[in-house]
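Features as listed in TrEMBL:
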| type | residues | note |
| --- | --- | --- |
| DOMAIN | 2-118 | domain 'PLAT' |
| BINDING | GLY17, ASP79, ASP80 | Ca(2+) 1 binding site |
| BINDING | ASP39 | Ca(2+) 2 binding site |
| SITE | TRP103 | site 'Essential for stabilizing binding to COTL1' |
| DOMAIN | 117-674 | domain 'Lipoxygenase' |
| BINDING | HIS368, HIS373, HIS551 | Fe cation binding site |
Amino acid sequence: MPTYTVTVATGSQWFAGTDDYIYITLVGTEQCSERTLLDKPLYNDFERGAVDSYDVRVGEDLGDIVLVKIEKKKYWVLDDWYCRYITVKTPSGDYVEFPCFRWLVDDKEVVLRDGRAHLPQDDKTSVVKQHRQKELESRRKSIRWKEWQPGFPMSIDANRHKDLPRDIQFDSEKGVDFVLNYSKAIENLFVNQFMHMFQSSWSDFSDFERIFLRIKNTISEYVMQHWKEDFMFGYQFLNGCNPVLIQKCNKLPEKFPVTHEMVSVSLERDLTLEQEIKAGNIYIVDYEILDDITPNSTDPCTLQYLAAPICLLYKNAQNKILPIAIQLNQSSGENTPIFLPTDDQYDWLLAKIWVRSADFQYHQTITHLLRTHLMTEVFAIAMYRQLPAVHPVYKLLIPHVRFTIAINTKAREQLICEYGIFDKANATGGGGHVQLIQRAMKTLTFRSLCFPDMIKARGMDNKEELPTYFYRDDGYRVWEATKSFVSDVVCIYYTSDETVQGDEEIQAFIKDVCSFGMQDFDNCEFPKSLKSREELAEYLTVIIFTGSAQHAAVNFGQYDWCSWIPNAPSTMRKPPPTQKGLANVDTIIESLPDRGRSSWHLGAVWALSQYQENELYLGMYPDEHFIEKPVKAAMEKFRKQLAEISHSIKIRNDGKKLPYYNMSPDKIPNSVAV
């Protein structure tokens with residue numbers, strides 16, 4: 001009687017094991033085995049982290065094993081089980097791997113294909129074709145599109161984290177509870193005593209040190225010491241939390257009437273302002289998108305304010321970027337002065353603080369929330385709905401969307417919802433953040449998510465002109481390494497451009513992103529189909545880069561750059577100044593966040609900057625969705641390239657007072673999960 005040895009691996013995460021009954025059925029090309037209970041006498045089967053083997057006896061040889069069906073039935077109470085993989089040893093001694101990496105909940109069954117990736121056009125038999133179809137039909141029932149707010153990218157149809165399908169939930173919801181994490185942060189930072197002190201101003205700048213956790217030799221301490229200086233202000237546009245806005249100024253906008261006489265003392269090359277612009281030495285940052293956004297009014301005791309400033313920057317002879325003019329409104333006029341470095345020190349400092357506050361709003365809502373979190377969720381939902389687990393692109397993308405839908409659902413549940421944590425300390429809380437995203441969606445295009453295109457569109461691509469734009473330089477290298485890896489994988493499975501065109505599942509995935517995820521918005525310019533391997537490789541690189549490197553670049557430096565409150569005020573309590581000569585320390589302190597809002601802000605940037613326990617960094621793929629040797633070789637090549645990039649970044653950073661490591665691959669998690 002032929003015997004098949006079945007090896008079953010249970011996950012090592014919390015609560016992965018089960019006491020329920022587990023049954024298996026082997027489906028071969030010739031026939032199926034009997035439904036067999038996997039159970040050893042006097043043994044606790046399927047414990048967390050266990051790898052157990054069982055014999056399945058059959059009357060006759062089953063032929064090639066094409067499917068494995070696993071069923072879980074209640075023993076005492078329903079007990080979820082996480083299965084990593086199943087390996088079947090045939091009577092002839094061959095091993096067939098069946099990756100699973102999913103939860104079995106309730107009295108449900110899972111049917112697995114063997115670990116080799118297959119395009120839809122590769123499947124010839126009705127058994128495997130039907131399996132593909134049934135898997136997608138099941139996924140589409142549980143993973144549905146929903147519009148959370150008008151004008152937003154579409155999101156998952158689930159109001160709470162616990163409503164999500166088990167496979168896309170966090171392993172432990174407690175670990176990502178924003179309320180718990182913020183409370184923990186506030187406790188760790190010793191700011192409990194201040195968190196309820198709304199309307200209570202600090203006494204002076206040094207008073208902010210009472211909630212500032214000094215960690216020796218860190219960027220945050222350096223920011224605290226130098227935040228007032230123009231070089232620090234300018235440097236952050238290149239390598240701070242929001243290095244995506246600065247652009248070369250080819251012509252001064254009419255709404256910003258800066259003259260040569262105003263700024264001549266700041267120019268170092270004996271050129272006029274017009275000549276400096278033509279020489280490529282003038283840069284601009286414009287927060288027009290913030291104009292007329294409704295400021296937070298959730299606290300009737302504290303008026304909060306927003307501004308939409310414009311800032312002119314100058315590259316001096318040492319290649320430092322320095323501010324030379326700031327206007328705090330989008331329209332020039334008598335009540336909209338242009339602030340200059342030659343003004344009174346407090347007028348100039350307050351103007352810079354207003355720019356930093358505007359930058360914080362833009363960063364949190366557009367750069368971070370919209371362009372990494374929400375966009376990765378769109379890609380993830382479309383992937384689950386259109387690509388079965390056997391598809392090579394599903395196997396490629398699944399590590400890079402891990403927990404993204406879960407973290408976003410948790411954010412909508414606790415953070416950015418009405419009366420959520422975001423409302424407590426941010427000037428765009430109470431609905432302003434919703435308005436901002438609705439506006440930003442009108443300029444969000446597919447090409448703006450392609451890293452090299454985004455850099456070039458702002459005129460920031462010349463390394464000789466700006467040798468210290470580390471975000472750009474490191475980003476280029478990570479983008480190229482990622483694209484090289486993706487191209488290797490694409491070429492393993494797609495032998496020609498025609499193969500891409502004939503893959504109905506990948507075409508449905510691309511269309512789902514555009515037509516449903518992006519709702520066919522007029523300006524989004526997302527493709528609705530792909531015609532070549534090159535186009536597919538670029539598209540998949542955008543997805544992986546957005547969820548890994550880009551998110552890391554704009555997320556994990558938040559404590560570094562935003563923990564010193566005056567450098568990144570989450571709100572302002574006085575309106576922007578309309579004339580010069582009135583600012584002093586008191587007016588600035590009264591404008592900055594009060595003690596309570598400062599504490600909530602500090603808790604937020606600390607919590608958001610923390611890496612997850614057991615974090616998986618770019619190139620780490622412990623779940624072996626792919627079993628083919630050529631793909632594993634491509635992964636190894638990718639890891640080697642990433643290690644070389646990390647090493648060169650470490651060498652560059654050695655001895656620097658302001659090291660830049662946010663794009664170092666060894667600090668880039670695989671996915672958006674925080």
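Using the three backbone atoms N, Cα and C, a Cβ is placed for every residue, glycine included.
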Residue among binding-site residues GLY17, ASP79, ASP80 with Cα closest to the Cα of HIS368 (Fe cation binding site): ASP80
Secondary structure composition of the domain 'PLAT' (2-118) [DSSP: H/G/I, E/B, coil]: 0 helix, 59 strand, 58 coil
HIS368, HIS373, HIS551 excluded, remaining Cβ within 8 Å of their centroid (Fe cation): THR367, LEU369, ARG371, THR372, THR376, GLN550, VAL554, ASN555, VAL672
Candidates ASP39, TRP103, HIS373, HIS551 (recorded positions) with Cα within 10 Å of ASP80 (Ca(2+) 1 binding site): TRP103
For the domain 'Lipoxygenase' (117-674), mean pLDDT (0 to 100): 93
Whole-number Å value for how far TRP103 (site 'Essential for stabilizing binding to COTL1') lies from GLY17 (Ca(2+) 1 binding site) (Cα to Cα): 10
Among HIS368, HIS373, HIS551, which are binding-site residues, the residue with the most C-beta atoms within 10 angstroms of its C-beta: HIS551
Nearest of the recorded positions (ASP79, TRP103, HIS373, HIS551) to the residue listed as 'Ca(2+) 2 binding site' - Cα to Cα: ASP79
Output field, Ca(2+) 1 shell: CB within 8 Å of site CB centroid, site GLY17, ASP79, ASP80 dropped: PHE15, ALA16, THR18, ASP19, ASP20, PHE46, TRP81, TYR82
Between TRP103 (site 'Essential for stabilizing binding to COTL1') and HIS551 (Fe cation binding site), the C-alpha gap once rounded to whole angstrom: 27
Among ASP39, ASP79, ASP80, the one of these binding-site residues whose Cβ has the fewest neighbouring Cβ atoms within 10 Å: ASP39
